[in-house]
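Features reported for this protein in TrEMBL:
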DOMAIN    39-168  domain 'Tripartite ATP-independent periplasmic transporters DctQ component'
TRANSMEM  22-47  transmembrane segment
TRANSMEM  62-81  transmembrane segment
TRANSMEM  102-125  transmembrane segment
TRANSMEM  145-162  transmembrane segment
Amino acid sequence: MTSEATEAGGARRPWHRRLRDALVATLERTVIVLMLVLVLDVLWQVLSRYVLRAPSSWTDELAVFLMTWTALLGAAVAYARRAHLGLDYFAGKLPARHRRRAALFTSAVVFLFAVGAMIVGGIRIVHLNILTGQQSAALAMPMSWLYLALPVSGCFIALFAAEEWAELRAGTDEDAEEGS
């Protein structure tokens, strides 16, 4: 048994928890790689513009693509790790018996937003861009690739919100019950 497969008490963690942790770790690595490429892109942009006096035409657009994917996938990682901005102040003011209900409500709202706005809305935007054939000016890449970040990250956020909701319903999510 590996340390990753066991909890602090020595009990084996469920398969879905291990799968989720592997998914989050993969997303984290992806965000790190995207951020590294973004830093290199912006560094090249600055060097080519101010040192070489021959600015690259494609670096601005690439930075937009990379930043969009980094931010949206990073939001999914933050939600999974519970590192996102939350209003813990208000949850902490609730009586202990209402904190779980508030956490259930919050995860349900996040799930509905992820499905409705991010997945459904994102798919519509991607579909529209595929139909119109819109491309970025400098990179000549389909704009649908940029907008695809929305439904992809929405799927991850919806998955993590559904898991959080199920754990809260089952009473296995101690963090939310404590109001964190």
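Here, residue 1 is simply the first one shown, and the rest follow in order.
Using the three backbone atoms N, Cα and C, a Cβ is placed for every residue, glycine included.
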### Query
Along the domain 'Tripartite ATP-independent periplasmic transporters DctQ component' (39-168), what average pLDDT does this model show?
95
### Query
List, by number or range, the same-chain residues at least 6 past the transmembrane segment (62-81) whose CB is under 8 A from its CB atoms?
20, 24, 27-28, 30-31, 34-35, 37-38, 41-42, 45, 110, 136, 139, 141, 145-146, 149-150, 152-153, 156-157, 160-161
